[in-house]
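Colleague: This structure is in structure tokens; I'll ask about it shortly.
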């Protein structure tokens, strides 16, 4: 893509999200979402093959439908209450419509079907943008309207997303689809806690963004599009192999790693609120996620003997990827657990 055009598209993508995050008026929030959606579509379809065109079309249709529903929900709320203020969404049908629209925007179950398909049709870099940056604007709207949204619907959606995110990923061989189901499961955890304690939801979102960015950057640097591709990561860089395995275990939420932090806080808070059944379902669904992360860890680290046969080495082209971001996100995604007390202050 032409650098000038790419700069314009990327700045529009950032501007759309920032407009939504800083707005108080529903129309401004909707305009921000529309700018954001229109900017990502050329990025998804930039590889010019039928699969990327299909992915862009699916993304456009779901996001346009969700944006229209958000506009409709805010209009009927304004009709009933006489205000367009985002925090003053007091009309019940508006709340339910908004919850469903934001679920569609984020890719929460039961409106999750578009996410694996869109990621599979786009490049790894585009998939990273869709699973990280594109979650910020809808999560901001949830944060702003959380006092008026239905707790029951949010918790049920969270539980369903975490189950589907675990179950759907079990049978996948493509790393992008595995990351899509991982994203659905993580968003499920966020929704389950959102109406109870928003601070934990934000911590979970930040940790999720860090871990997902780090995993995608390692996949991009090793050019791993399928599970089979990950078996040759060692030949590219032994250090990267070790970091990737720790990253995947962190994403699964194993204790000494950063990924355990949000799961621990969420389960503790749910038990405090006497929501033991929800906590049990979330904990059991995370085992499903852990299974496919462990499978990826196994193929990455344990399926190639550490010998120095020259035929096993990938051609060492100069990497086009800037590694400082990967270094920072990987380190924080693995070693941040001791900072938990500081984050909770």
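Including glycine, each Cβ sits where the backbone N, Cα and C put it.
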Colleague: Have a look at 26-44, 178-196 and point to the one annotated transmembrane segment in TrEMBL.
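Modeller: Spelled out, TrEMBL records transmembrane segment over residues 26-44, not the other listed ranges.
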Colleague: Six or more residues beyond either end and a Cβ under 8 Å away: which residues meet both conditions relative to the transmembrane segment (96-115)?
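Modeller: Cβ under 8 Å, 6 or more out: 33, 58-59, 62-63, 65-67, 69-70, 72-74, 76, 89, 130, 135, 137-139, 141-142, 145, 149-150, 153-154, 157-158, 160-161, 163-165, 180, 183-184, 187-188, 191.
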Colleague: Take the domain 'NADH dehydrogenase subunit 2 C-terminal' (290-343) and average the pLDDT across it for me.
Modeller: 76
Colleague: Name the range, of those listed as 127-146, 152-171, 321-344, that has the largest tally of Cβ pairs under 8 Å with the transmembrane segment (234-255).
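Modeller: When the Cβ pairs under 8 Å are tallied, 321-344 comes out ahead.
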Colleague: Under 8 Å for C-beta pairs, could you tell me which stretch among 26-44, 56-76, 152-171, 321-344 has the largest tally with the transmembrane segment (202-222)?
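Modeller: It is 321-344 that shares the most Cβ pairs under 8 Å with the transmembrane segment (202-222).
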Colleague: Taking a Cβ cut-off under 8 Å, which residues six or more beyond the ends of the transmembrane segment (275-294) line up next to it in the same chain?
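Modeller: Here the qualifying positions are 155, 158-159, 162-163, 165-167, 169-170, 172, 178, 181-182, 185, 188-189, 192, 196, 248-249, 251-254, 263, 266-267.
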Colleague: How about long-range neighbours of the transmembrane segment (152-171): same chain, 6 or more residues beyond its ends, C-beta under 8 Å?
Modeller: 96, 99, 103, 108-110, 112, 116, 177-178, 181-195, 275, 278, 281-282, 285-289, 291-292
